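Database features, via TrEMBL:
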COMPBIAS  173-192  compositional bias 'Basic and acidic residues'
COMPBIAS  207-218  compositional bias 'Basic and acidic residues'
COMPBIAS  432-444  compositional bias 'Acidic residues'
COMPBIAS  445-473  compositional bias 'Basic and acidic residues'
COMPBIAS  479-500  compositional bias 'Acidic residues'
COMPBIAS  508-517  compositional bias 'Basic and acidic residues'
COMPBIAS  532-541  compositional bias 'Basic residues'
DISULFID  C59-C93  disulfide bond
REGION    163-242  region 'Disordered'
REGION    432-541  region 'Disordered'
TRANSMEM  381-402  transmembrane segment
Amino acid sequence: GRWEVEELKENAMPGDKGLVLKSVAKYHAISAMLTKAFVFDDKPLIVQYEVNFQKGIDCGGAYIKLLSSSNDLNLEYFFDKTPYTIMFGPDKCGEDYKLHFIFRHKNPKTGEYDEKHAERPDVDLKKFYLDKKTHLYTLVLKPDDTFEILIDQTVVSKGSLLENMIPPVNPPKEIEDPTDKKPDDWDERPKIPDPNAVKPDDWDENEPAKIEDPDAVKPEGWLDDEPQYVPDPNAKKPKDWDEEMDGEWEAPQIPNAKCEAAPGCGEWVRPMKNNPKYKGKWRAPMIDNPNYQGIWSPRKIPNPDYFEDPHPFKMTTVSAIGLELWSMTSDIYFDNFIICSEKEVADRWAADSWGLKKLVASANEPGMFSQLVTAAEEHPWLWVLYILTLALPVGLTVLFCWPGKKSDECIAFKKPDISKQITKGELKEEVEEFEDDELEEEKENEAHHEDERREMEETKRELIKDNTMKMGREALVSGDEDIYDDDDENEVPDEEENEVLDGSQDDGFNKSDSEDEKKEDDEGMGDLPLKSVRKRRVRKD
């Protein structure tokens, strides 16, 4: 396979390049010696690197191998059989998403190596393989025989090398005896038929489960002489039909058209029904087995291959790192490999490399709307959810907040002609005409009010003059007595005159009444209608 050193296709940082797997459906191998071999002693091992599946991944891996130190190690001949101590990283084929952590454990008794696999993480790994983003994979092995696996600085799996590996590091102390056999008289049956049970005398095992229904009657109109299927009259024998090779040609069968309107065709047969006398084969009831001995299992014997490795962390020394991969997808990006013993160093390394890539990718991410559209393209059912989410509040708003139409019998609304568009000039002319109409209406109202005011002044002057003349005549007549009728009994409505109170015998009273009436008339002159003048009639005794 072919390797290249190049930048990321998306969200690349200037000058930052990584190792890229370029070939498809080929084996790839590349390796490098460590500047210093790692010895599993009293310091933890931290392995960390970045992977970006730039085109996603169909079937292939992106794991690394920490190669075991030996005198025979030659990286020029690095291939899949080269001994390794640890294999770690992502792998996928089909819908099986894996994150490998495998170490080769040496049997202290035989010297052979066995692969020990960590239990699968409980998290969903799919998004890390398909989102086309750069992800950081970290393995932490501690001298206390525990481990942690992190993706993007988040723990996705952890456990013990002694308890969470498959198969276990240490074999069981006892195993089943391979030479042990189950005795012939061993009874594993928890239940047995009751040997004392007797079949009842009226139990008939020969009665069938189904019998013909004697009450059934053939439906009226049943066509006994018509077959249910007939040859297709429109079918024709193929031109290439060879009767010697293919046999006699027969037209295909089609449903008989005459049977469609009838309840049925062909020979009528009584329908079957359940036999009330049917009981089936008699069997004795089951009872507890008095001789039950349980499920047999071979006896246990000491495991001849047993050993105990209390510290599986002490693995074979590592002196090189390599990528030995096969993939059906190209452009797998690797970068920033680090092997160290201090987590703080690995964290700083990640912050200065992967952290910057993450910031660039976040800055270039599309907006919320674009993300929703992208998600809906991958999962079309989300469109329904989006529509319901938007339509529900709009519908509730229209239902509860839309103002109802007010009906008024005295007002007739003219439906505007919205089909005809109004130009800007026409709109300006209409506004000017509307303003001119308002000015003319105001002038007319002012002239009308002025006329009313003059008319009211003349009326008041005439009334005052009449009252003065009457008072003079009344002073000349002695013994005369003024009798005034009540205002309410002598009201004479006159729609063309304003209301004025007539003068009394006292000049001050007349004057105050006239002034009060003048004030009232002045205050209500603008908006009150004209009231009738109420005159007080004077009768001479």
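A Cβ is built for glycine as well, from the same backbone N, Cα and C atoms used for every other residue.
Just so you know, TrEMBL annotations are computer predictions that nobody has curated.
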Check C59 (disulfide bond) against DSSP and tell me helix, strand or coil, would you? strand
Which residues of the same chain, at least 6 positions away in sequence, have a Cβ lying under 8 Å from the Cβ of C59 (disulfide bond)? K92, C93, G94, S327, M328, T329
Tally every other Cβ atom lying within 10 Å of the Cβ atom of C93 (disulfide bond). 14
